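The active site annotation in Swiss-Prot covers Glu132 and is backed by sequence analysis. Annotated Zn(2+) binding site per Swiss-Prot: His131, His135, Glu202, in sequence order, evidence recorded as sequence analysis. Marked as transmembrane segment by Swiss-Prot: 7-27, 29-49, 146-166, 177-197.
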Amino acid sequence: MFNWIKTFMLMAAITALFIVIGGMIGGRSGMMLALLFALGMNFFSYWFSDKMVLRMYNAQEVSETTAPQFYRMVQELAGRAGLPMPRVYLIDEAQPNAFATGRNPEHAAVAATTGILNILSERELRGVMAHELAHVQHRDILISTLSATMAGAISALANFAVFFGGRDEEGRPVNPIAGIAVAILAPLAASLIQMAISRAREFEADRGGAVISGDPQALASALDKIHRFAAGIPFAAAEAHPATAQMMIMNPLHGGGLANLFSTHPATEERIARLMHMAQTGTYPA
């Protein structure tokens, strides 16, 4: 229950940020329009964001006929987790990665890149897909998709404020420097909110995935491999839609410094250490 309250507050913060930017562009009228737009975005995201994200990544749905081994693996893990069978997708990308999306367990989808299938053993791949199913089980998928959609909209609105300016309550033009500051700080604030939503949920999905697969060491090994391989392979679709990066099992974006500081994912080393502790002791560190 606490996680749901925290998530609601964080989503409210994203919506409030959206309204503030609307106010900078069009005063009180801009705030009202931004509020209506934010509510519309949340409604649209609830029903359609999974389809939108899968289309962004050109994900292709597979079946037991077209990808029998992979499909049956997901089917077996979903059964172990007590979940309905999700739709299964493959993305033709060299970078090893995977994500889950959908509004609830009854309307969920899991996707993996061809790159992850190429580098992981069957045991490691089971660990990764169990991690994604843990997101479904914990109902993280709606929150991550909603926050990704809203964060992307905030960035677009902030850029609009720079290029087209805005007006205050008296109709006077907003200082262009303020507009530039909004364009820089608003996406950063949205990223911080996404980070707060995502990091704790990744640890929980690691723990939950290890329980579903019964093999925390395999997931730890998979994370190590993905981390090493992903660092040297660009992911064009993720770079084009950076707000969706927090949905992935591993941050798909390249960059250092601030990019790492504000990463939506916990440090891979810490994730591995926690899983190895679980493998050795049977308990996941708090």
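Keep in mind that glycine also has a Cβ here, set from the backbone N, Cα and C atoms.
Sequence-distant neighbours of His135 (Zn(2+) binding site) (same chain, 6+ apart, CB under 8 A from its CB) are Ala100, Ile141, Ser144, Arg201, Ala205, Gly208.
Of all Cβ atoms in the protein chains displayed, 27 besides its own lie within 10 Å of the Cβ of His131 (Zn(2+) binding site). Listed recorded positions: Glu132, Glu202. The one with the lowest count of other Cβ atoms within 10 Å of its Cβ is Glu202. What surrounds the Zn(2+) site, by Cβ distance within 8 Å of the Cβ centroid and not counting His131, His135, Glu202, is the set Ala100, Glu132, Ala134, Asp140, Arg201, Glu204, Ala205, Asp206, Gly208, Gly209, Ile249 from the same chain.
For the pair formed by Glu132 (active site) and Glu202 (Zn(2+) binding site), distance between Cα atoms is given as 10 Å, rounded to the nearest Å.
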